[in-house]
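According to TrEMBL:
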type	residues	note
BINDING	323, 373, 423	S-adenosyl-L-methionine binding site
DOMAIN	343-443	domain 'Methyltransferase'
ACT_SITE	451	active site, nucleophile
């Protein structure tokens, strides 16, 4: 790839492996949690004043009458851990070199299907003067490996539900499906992508739950209170924990007791060994709540954690998007920057920018950076990061890209060229965003970062590359897909980021 400078490791794939060998190696040892002695007295003593504990326990019992009794599925042993690993990290039995071969082959097949779509469904000619990989619609580069293979996750969300032994206060990851009614919550200690710190916090949250008189909230309509746990960490070892809680019909005074109880556990009780940097509490009556819908309440510690990335100090809030693999993200963002070709005469448009790292890291090379992000906390983080690092040529806008982008592009059509970078969620880009990009003549280069290229990204690519279509309001000159670079941010899983370069 012209202009791309990176280390190519010895295990960079040059041939491909059948998937038949994926499940061929022995599993891992089981894990068991121990409850620290003496905590029950502390839990029911100074942390819970008055009679609120008994009142809440009675409310909880009333709310749980309709809930089925937990079924006993046997002890938690290695077989459950291996089953979870096979679901969450299905490539964990392969060497990393073999994993990269599997992923590279998968990216080839995605691009082959994409070429078929472009040729057959839309009549798009993919014949260009640019070099192409054989049988593909563009030049496919070797996969860029993750610098860290094990324990790379900087964010994990743990569920609460019945474990293999039937205990409803088990903290881990799900096996089974809600549709089939066979959900089992299994501890995640043997997942190779999970850092020890995350497992430690989850273990002590489980200890806390099993001492609490309140039941967990397994199904909203059946009552219960304690819900999921999210753990965020940085490369310095700082740890943020976020506990989600269904308030049901508790009074504010009763809620305060629960917040004080969990705070006491993680500051003075057994959970203090987790050495949390911050603990947040969110009251939520929905599956997912943003900070705007239900504010994150800081129970103790620092309101943010920080990460050093590409020479910048990045601020991270509880709700902000940040790539799950920090060291892998550096490789990803360097690749985006090199493909973008930005210079002092271009404007960089960073769509779905999260905490703004891509735009901020390239700000010194371009005349201006314009970032768009839905999550308000992430935009506040991006603005803080820009100010802290002395970056003055960046603007960040909060809201849906399909609403903000058309007006923002109208104000910038003054002849200056625009390089667009898009990094959407798995659902891909909204059709109106594609329209705005296609119809803005100033955008000549587009870098598309896809975490699920076989999904909605296919529709996005077809709309970017198809001939003008007045019915779909795609009036601008079509883009041509030139290059594709796979970047592995998710070792032990089949997933891979795919960076696509379009020009016109």
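Using the three backbone atoms N, Cα and C, a Cβ is placed for every residue, glycine included.
Just so you know, TrEMBL annotations never went through curation; they're auto-generated.
Highlighted in sequence order, 321, 322, 352, 353, 354, 355, 357, 358, 449 have their Cβ within 8 Å of the centre of the Cβ atoms of 323, 373, 423, the residues recorded for S-adenosyl-L-methionine, and are not part of that set. In this structure the C-alpha atoms belonging to residue 373 (S-adenosyl-L-methionine binding site) and the residue listed as 'active site, nucleophile' are separated by 17 Å. If you take every residue in the domain 'Methyltransferase' (343-443) and average the pLDDT, you get 90.
Rounded to a whole value, the Cα-Cα separation of residue 323 (S-adenosyl-L-methionine binding site) and the residue listed as 'active site, nucleophile' is 11 Å. There are 28 other Cβ atoms within 10 Å of the Cβ belonging to residue 373 (S-adenosyl-L-methionine binding site). When Cβ atoms from all protein chains are considered, those within 10 Å of residue 451 (active site, nucleophile) total 19, not counting its own. Among 323, 373, 423, the residues given in the record as binding S-adenosyl-L-methionine, the maximal Cα to Cα distance rounds to 15 Å. Helix, strand and coil counts under DSSP for the domain 'Methyltransferase' (343-443) come to 41 helix, 24 strand, 36 coil.
A straight line from the CA of residue 423 (S-adenosyl-L-methionine binding site) to the CA of residue 451 (active site, nucleophile) spans 8 Å.
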